[in-house]
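Enquirer: Please find one structure pasted underneath; my questions will follow.
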């Protein structure tokens, strides 16, 4: 048992308890384990052949380490990666700037008409074929209205735009309404799968012509690449003064004024 208990004894760091004055024999061999082990090795014993004993303390320690390692593996496997804009962030933006961008995207998703359009499309798919062409024309008008009404509901809910004077907001709407409506429409059509239905596609082509619809379908394909960027770009476009200003008719002036007044209430 002596050799099993002392199989891990380090003769370099250990030392004799009596300063090397031990006389190891049959009666005194238990007095100093260092000198006993050293004498045994001097007569030819091989320490690497010793079979160490597995003590209860060592077994408990090993079991504890196994439990900790297993728990750490479980915790790593249960780690949920965030789904917000900060996931795998490599930019130089601050946390406040990221929060602003996340709030803008959340605002768009909250006011988006896409869930309603998806519900309409699901109902439309169950209608008899002979009625779907007529329903498709109504769906087109409703969807076109959603292009413009939803985008300005979104922009008006952003404090940076709502804080501008009324006349400036009106001028920005007049400048950017067509571009924003087109971008919003591309995003809505893509998310709502509006043009996937052949009846809707046929009505849209006959109403707006093939060149315009080809451009719209290309815009939809581009929007698929990064939907978050397209949402943020809508807000950028709403504050842009780089586009040409179109002088609206009196009817359009009343329409834009009504939109602004309703959004400021």
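Any Cβ shown, glycine's included, is placed from N, Cα and C.
TrEMBL annotations: computationally assigned, not manually curated.
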Enquirer: For the annotation transmembrane segment in TrEMBL, which listed range does it cover: 123-145, 146-168, 169-191, 192-214?
Expert: 146-168
Enquirer: Over the domain 'Nuclear receptor' (1-52), what is the model's mean pLDDT?
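Expert: That region's mean pLDDT is 70.
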